[in-house]
Each structure stands twice: as structure tokens, then as C-alpha cells.
Amino acid sequence: MEDTKMEDSSNQREMSHEEMPETHSKGGLITMPFIIANESFEKVASYGLVPNMILYLIKDYHMGVAKGTNILFFWQAATNFTPILGAFVADSYLGRFLTIGLGSICSLLGMILLWLTAMVPQSKPPPCDLMTQTCSSPTSAQMTLLFFSFVLISLGAGGVRPCSLAFGADQLDRRDNPKNVRVLESFFGWYYASAAISVLIALTGIVYIQDQFGYRVGFGVPAILMLLSALVFFLASPFYLKQQASKSLLTGFVQVIIVAYKNRNLTFPLPNSTASYHHKRDSNVVAPTDKLRFLNKACIIKNPEQDIALDGSAANPWSLCTVEQVEELKALIKVLPLWSTGIIMSINLSQNSFPVLQASSMDRHLTKKFQIPAGSYGMFNIISLALWVIFYDRAILPIASKIKGKPVRIGVKLRMGIGLFLTCIAMVVSAIVENARRKEAIRSGFQNNPTAVVKMSAMWLVPQFCLNGFAEAFTAIGQTEFFYSELPKSMSSIAAALFGLGLAVANVLASVVVSIIDDITSKGGKESWVSSNINKGRIDNYYWVLAILSFINLFYYFLCAWAYGPTGRQATKVKSIAG
């Protein structure tokens, strides 16, 4: 018996010794180029399709500006919302590898279908009759094909974007490595740098190809890039460390709401009666807080013998939740009002269609032979954002800290407020510039010719893009930092998803705003503010509406910031001073 035991233990040691190198041979720096390349190609391909899409819908599908803009708003909303679903599916069911893989395939199929709409004449309406000045509307089958390509591209983005960063971190996260933190920091830096470069290439290179070579080539190149994205990702499959799916935080939130409703008739335990609440083992939080007290009923133990399993966990998580789950949901609810203040700014940032139409009617020449594509002016938003982040981090903060003699930082709520103010100014500038452009078009006799180019440089559009870039640098980055610092560490994925959710909601609301303005201003046979003829329309008035909404939102932000009270870091300072 002793010999057998010794052989068994020896075999176990040999097996564990053999398994260790296999585990450590997976992942590592060798996988980074494949993961970063996968999302970089996906970003270049998908972001490159957006700027000129309004022109494609107007010229090839004979849509009005309002209808085309609304379709693009809904497409962008879907693209921003699907990553939340993708994160949920990856965490709960498929794991990150399969979710990224399926997302890459969906994006590829969507881009192939979109390319076919440009290649196959029967997939879109015939060209307008120049003699009769009539245009055929697209058929239901043609619109279905177009929408299906949009849906597949959005689903693909939902699979790739929420998982790539976490999947890359999975490959490098070695807690036993003393340089682990530095390795992860380096990866995050390269990841975000590649993301910014990808968007710039999309807004310049892909848009330029579409302008110079048409949509057959302009949609074909993104499809090829997406094919490379999928191939590169699957090529490194043997090297990846593939973690299994686990429980999602979203499931936990739903459980808290359902269980709290089920237990709505329960009476609360006596004060300081911590034994009546279910919490994780070795947890510092043994009783819920009094805020949003009705949710506390989700973690009340009714019958210890039936409710608690032998390992100390809940026998049925749909009948009993932990104190931690309840407090996580409370933390999320607490930040939602401040999260909602960023929606108006996201509406302003999502105004892609109208600036493209404006730029296409203005002088875009930098030299006699070269002109900036109308869809590329969005790059000034990205450039100004990147330059401000570098200037703020490398110049302003170090100089201010040196002058003060101690570390200096601008509070996160102040930064968010500055960004919301800047987006108000951006909309005011947008309205003034468009008013000047329209007056110049009418003065030149182009009122009935929206495709004519006025004698006004498109560089006048750059200030509004730069202001929105600075606004995004302050508010968007500030909001993300705010979520990460205020929410528990276990909710990091939720903190990342909140900004995307805000963009999705903003895209839907932007479509609603355009539809309402179009309906109201076109009554009685009048020319709509968002008319297909931008020289007859009043896009400047549309921008003034957004400016007014932005100023109202700024005051709403002041109210929410005041109601929220001090942030986590500020609260800690107050406590230390009081102590």
C-alpha cells in the first residue's frame, strides 16, 4: 500500500510538473501583436465606413438627409450598445476567445454584404433619370440587404471591442511576476495608442480611398482588412490562454432586483443584527448600508438551513443574494445621474452627417492639387483630444506641481464640468460657422444647388471639432475615471461599459431630436431645417437647439454634482481631517 501511495504521489508530482510549463507556455507577449492587430484592423475597417456613409445613402439610395441621418444614428446606437451584450455573453457563456472570434466573423460577413451593395447594381436603386429629374426609391429587399449588413457589423463590434482589452490582459496577467504591473501598463499604453492610430487611419486613409476610387474599392478595402483581422486572430489560437466564462455582474444585478421584489413583505432585522444578512466568507462588508434600503431585503436570510449551502454560498442565488451584490447595485444606481449628464455631449459628438455635408460644399483644398476629404475632418477631434491629454499629463500637471511644491490634480467633477461647458461653446461655434456658410451660398446664387462649392474654406469647421475634442478629453475621460474610482473594483467591466451605453442612448436620442425638428419645421409645406438641400435648410438653427440643450444640461450637471456630494477621494480627505 505504501509503495502504491508513493507511486501515486510521485505520478501526481510529475503530472503537476508537466502541466505547469504547459500553463505558462500559453499567453505571454507573443500573443500581443495578434490581439492588437485584430482590433486595430476591425477599427480601421468599421470606423472608415461611417463618415461618407451619409453621402452613399443620399446619392446611391436616394434618401433625404433626415432619413439617412436617422438610419446612421440607429446604426451607431446599435454599434455602441452591442459591446454591453458582448461583454455579458463573454462573461456568462462563451468566454472571451469565442466571443472575439464570432464577432470578427460577423463583422467580415457584414462588410462583404455592404461591399456587394456597391458591386451588384440590382442591390440598390437605379441612378436618377437626369431628363425627368426623378429618382426611384429603394425596394424592401434592397433596404433589408443594407440593414442586414449594418446589423452584422454592429454585432461584430459587440464581440470584438469589449473583450480585446481584457483578453489581452488575460495573456499577460502573471501575479507571480514581479514586473507584472509594468507589463500590463505597457500593454494598456500600446493598446490605446493603436486604437487612436486606427481611428486616424480610418478617418483619413479609408475616407480618401472612397473619395478617389469610389465605393466599390472604398468598401472592398475594409472587407479585406476585416478578413485579415479574423485570420490574424485565429492564427494565434494555439498560443492563447483561454479562460472559461464565469458569472456576470449583470446577472447579479437582475438577481438583486428580483429577490428584493420577492422579499418585499419581509420585515427588516433589528439594527446591528449582522447575522441576518448573507455575505461572502472573509468579507469586510457584513451588513448593507441604509441607502436604498428596500434593496437590502435581497440579502436577508429567512431560513439558514434552507437558504445556505454547505460551502457557505446561497443555495439558490435567485432567492438569496450577498451583501456585496446589493452594495454593487447601489453604487451603480448612485452614479447614474452623473452618467446621464454626459448624454447631451455624446449627442453633440455624434453629429457626423451634417459636418460632412457642410465640408463637401466648402473649399477643402490645402494646395492646388490636394484637398482634405469631406469625411476626414473628424480627425481634428481625435488629434485635439490626444494633444490635450499629452499636454495636460506631461506639461500642465508637472509645472503646477512644481510651482505648488506638491502633487496637483484637477478634480474629476471639475473636469467633467469644464468638458460640458466646452461642448456648449462647440455648438455655438458650429451654428455661427454654418450661418456664415449658408449666407455665402445664397449670396453666390447656390440656394437651389446644394452640391455647389462656396468660396469659404472648410478649415472654418476645424474649431468646432477641436472644441469637441477638448470637451471629450475633459468629460469622457473624467467620467471613465470617475466610474473606476467610485465603483467597487469588482465592477471594472461595468465602469468601462457605462460610457458605451451613454453613446448608444445618445445616438437614439439624437435620432429623436432630428425627427422632431424635421416634423415641426416642415409643417405647412415649409422647408425643413434638416432639408436635403442644406442651402435651403437651417442646420445653423439645429445647432442652436443643441447649444440650448447643452446649456440646460450644464445646469443639470451642477445639480447632480452637488447632490452626489464628495467623491471617494474627497470623502477620504474629509474623514482624515475630521479624525
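Cβ atoms are placed via backbone N, Cα and C, with glycine included.
Look at TrEMBL and you will find 1-24 tagged as region 'Disordered'. Under the heading transmembrane segment, TrEMBL lists 71-90, 97-116, 146-169, 190-209, 221-241, 374-392, 412-433, 494-517, 542-565.
Proximity of distant same-chain residues to the transmembrane segment (146-169), defined by a Cβ-Cβ separation under 8 Å and at least 6 residues beyond the stretch ends, is recorded for 31-32, 35-36, 38-39, 42, 46, 49, 61, 75, 78-79, 81-87, 89-90, 96-97, 99-111, 113-114, 117, 124, 138, 184, 187-188, 191, 226, 229, 240, 493, 496-497, 500. Note: the stretches the transmembrane segment (71-90) and the transmembrane segment (221-241) are not in contact (fewer than 3 CB pairs below 8 A, sequence gap of 6 or more). Counting only same-chain residues 6+ beyond the ends of the transmembrane segment (190-209), those with a CB under 8 A from a CB of the stretch are 32, 36, 39-41, 43-49, 51-52, 164-165, 168, 217-218, 221-222, 373, 375-376, 378-379, 382-383, 386.
Ranking 97-116, 374-392, 494-517, 542-565 by CB pairs under 8 A with the transmembrane segment (412-433) puts 542-565 at the top. Through the fold, the transmembrane segment (221-241) approaches residues 23, 26-28, 30-31, 34-35, 37-42, 44-46, 48-49, 97, 100-101, 104-105, 107-108, 111-112, 114-115, 156, 160, 167, 170-171, 206, 209 of its own chain, all at least 6 residues removed from its boundaries and within a Cβ separation under 8 Å.
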